[in-house]
């Protein structure tokens, strides 16, 4: 049987909020089976818990944000959620003392390192997968995203940016998901932005924590970061990373193929909502280890405790 996973013990880190520019402290704690991922705002009195559910994603401008019915929000969850999804962690309580998750280096890599360093604990209950039975598709102009049946988890993603540096890079990628492939090929891809947009955002008290330490920054012609790119195709890989995080608010690892063209946080969330609403399009399943359609084998050097 493939079992559910949580973190072996609590782990804590600090970073900077992308939009506020303020210091943020975050803790990831073990959680019982079938808890899912729950975020807690510890800076409020009393603390407010917000479960990671698709219908609580109520803000998708420049990031993915969970907002409860009282208006309490936790923003910029997507990179941390990509790491949780990539490592197959089903259950965790995430405590944060601010309205946003720290941006770290703009990728999922610091979260992967943090989670692997503390260890991953298998739990005494079967892991549930969301298997796609029928194709579900959403569109917005020329942008679209769909989930369709597939024996594993495959991503087929294309972007289309009219920028000389991005146009020179590979803007289309197909990958069959495994934890090893995610850690190696996707997790280090950083968010990217354009200098013209950053100047506008800062004038409006946004992206105050953004810098070349946590983003790939481009002017009209080139990448401005002195060290350049981490991958030749870092732009499309970061969009895939975002999608991994956005899809994880479905609550389960997906067995199916995710295909997308020019999609972002808003359309990713629309797809998850459309999928969950169409109950004949999916089913929850569990697997024996030798039947696993998706590999969550953690790379060498990281510990999984049984």
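Using N, Cα and C of the backbone, Cβ positions are placed for all residues, glycine too.
The record from Swiss-Prot ties 238, 242 to Zn(2+), and of the options 19, 79 it ties 79 to that site too.
A simple way to gauge crowding: the CB of residue 265 (active site, proton donor) has 20 other CB atoms within 10 angstroms, across all the protein chains here. The binding-site residues under consideration are 79, 238. Their Cβ neighbour counts within 10 Å are lowest for 238. Among the binding-site residues 79, 238, 242, the ones whose Cα is located within 10 Å of the Cα of residue 265 (active site, proton donor) are 242. Neighbouring residues of the recorded Zn(2+) site, listed in sequence order and excluding 79, 238, 242, comprise 78, 82, 106, 107, 108, 189, 190, 191, 239, 240, 241, 244, 245 (Cβ within 8 Å of the Cβ centroid).
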